[in-house]
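What TrEMBL lists as transmembrane segment is B:12-30, B:50-68, B:75-92, B:98-121, B:128-146, B:158-187, B:208-235, B:247-267, B:274-295, B:301-326.
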Amino acid sequence: MKFKIALASATILAASMFSTASAADLTIGFSQIGSESGWRAAETTLTKQQAEKRGIDLKFADAQQKQENQIKALRSFIAQDVDAILIAPVVATGWDEVLQEAKDAEIPVILLDRTVDASKDLYLTAVTSDLVHEGNVAGKWLVDTVAGKPCNVVELQGTTGSSPAIDRKKGFEEALAGKDNLKIIRSQTGDFTRTKGKEVMESFLKAEDGGKNICALYAHNDDMAVGAIQAIKEAGLKPGTDILVVSIDAVPDIFQAMAAGEANATVELTPNMAGPALDALDAFLKDGKEPPKWIQTESKLYTQADDPQKVYEEKKGLGY
Amino acid sequence: MSTTLKAYAVRLFPQVAALAVILLMVSIAFPGFFKLEMQNGRLYGSLIDILNRGAPVALLAIGMTVVIATKGIDLSVGAVMAICGAVAAAAITSGHSLAMTLLITLGTGILCGLWNGILVAVLDIQPIIATLVLMVAGRGIAQLITEGAILTFNDAGLIFIGSGALFGLPMPVVIWLAFGLLVALLVRRTALGMLIEALGVNRRASMLSGVSTGVLLIAAYVLSGLCAALAGIIAAADIRGADANNAGLWLELDAILAVVVGGTSLLGGRFSIAASLIGALIIQSVNTGILLSGFPPEFNLIIKAAIIVLILVIQSPRAQSAFVFLSRARAPVKKTAGEAK
């Protein structure tokens, strides 16, 4: 009985705490993985911007790619009694204990960009993109663009065995399934880097009759596409016309290539994960509305028709 | 003269044979492999790709050979590549001239080498530990310079180093051939090579014989740093940007492998820069061959490992003595016959 009363009072206390907190005076802790890539830097910038826009006091902790630093950061957020915690977890496992501590302290936790292997009731929601869907959007664009004409596709995969490489390949293949005019003739890993993207594309071009046999390139990220575009140019072909180029991520440099007519389309992996996360948090704190356990971000398709130069200018300052 | 030529031929035979076999194997898997043509005033073909893509590892292997000959090892070269690529990109985008940019970048490489050399020669720290420091810290330094992003540039001069052509050959090829020749002449046409070998075999004995081992050791690491700087400039110029996260990643291991495949012992002593360069080409031929053959990427590393193991087994002293033993039809084997060197 005593326990029940304690629990009830705790709930009331928590509810009153939440209801009195308007968005303006929220304090939120954000544990970021570190600066592993340009995209990560852009995510950090946008999270700070989103917090500032909503008048949230954001406490930022950079974990420098180490889980123990993230756990430390979470414990310090809990000790400071923040109103909510955003975390981009560096690995999937080993979070149960610290998430339980946050739950015990009645602090909602939202996962950004990556998920964890922990019980779903330990966090409020996870905001991530759907990697398979991204590959699918890229594939659909290609199917629509070639419109029934025969087309040989070469694929630059991400790092072998990584989940973006597996899922983006899967989604693309699903979009191409049943379309007999489209055939993936070569598929190799470019390790998500420009150098390897260029090197592998060079070998594709040599292997396929100087590139005359290739009609489109699908790269699992923009960096590999940027490298491949240089290889296509050096082989004396026109990227974007002789060989169609579609890739994923939407980093600023690919918009420059699109503005120059050298790339055709990219699917955005939005760095604005904080926007949907804070919207969901707001609804939860104000009205107690439980968000779904997974919020999928939009995988927007950009083509040359979307004023790439303007998008480039917008994205340039985000720290990519 | 003919005896030295013959000595060279004997020394380089296993490497050249391995390279020839690999090229042959690739040409079976991919028939158009040996096709060469002129395009835009430069040679174009898969063989040129091997020379061109092998440039960073070939350059690193030059410095690594000398360092390994001193019984050392330089694990930092990949990270130094990243630092130097970042420095080059930062210098050119902040408005320095091409000459100034190259000077600053090569200077940075020399400085990195000097740091390693002092740790090893003056503080007497084991080379593997001493260079590990920069290997770990270097990538962080490079990220600080590029602020975590890929720093792109559009300077025609710097781009020319990565993708231009001279005498019909891509610039990176010209650079590593010229630099390799220069260093090989420097160590073989002077007493330097012999002094380095002496230092590698027995540092104390060579010091007592009057060799200034400290200076020589530092010079070896400085050379390695310089090679890494050249490789870093090429890698950055090739993609028109400095990628601090990925430039030169794991290339220190490829460079060490090139030296080992080239038959230079990790225990120091006798070395051959030419053999290491052929070693670098062997590694790149395997890489390019895998890409051309169209195997699924899951097999890349397995195929590479299998070929490398095969080469090392064939080159091993035991295998060679067994080979001599069998070819002489059970005639008594001389003890020295099996030495790989």
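Cβ atoms here come from the backbone N, Cα and C positions, even for glycine.
The stretch from B:75-92, B:128-146, B:247-267 that makes the most Cβ contacts under 8 Å with the transmembrane segment (B:274-295) is B:247-267.
When the stretches B:12-30, B:50-68, B:158-187, B:208-235, B:247-267 are ranked by Cβ pairs under 8 Å to the transmembrane segment (B:75-92), first place goes to B:208-235. The stretch in closest packing with the transmembrane segment (B:12-30), judged by the count of Cβ pairs under 8 Å and taken from B:50-68, B:158-187, B:208-235, B:247-267, is B:247-267.
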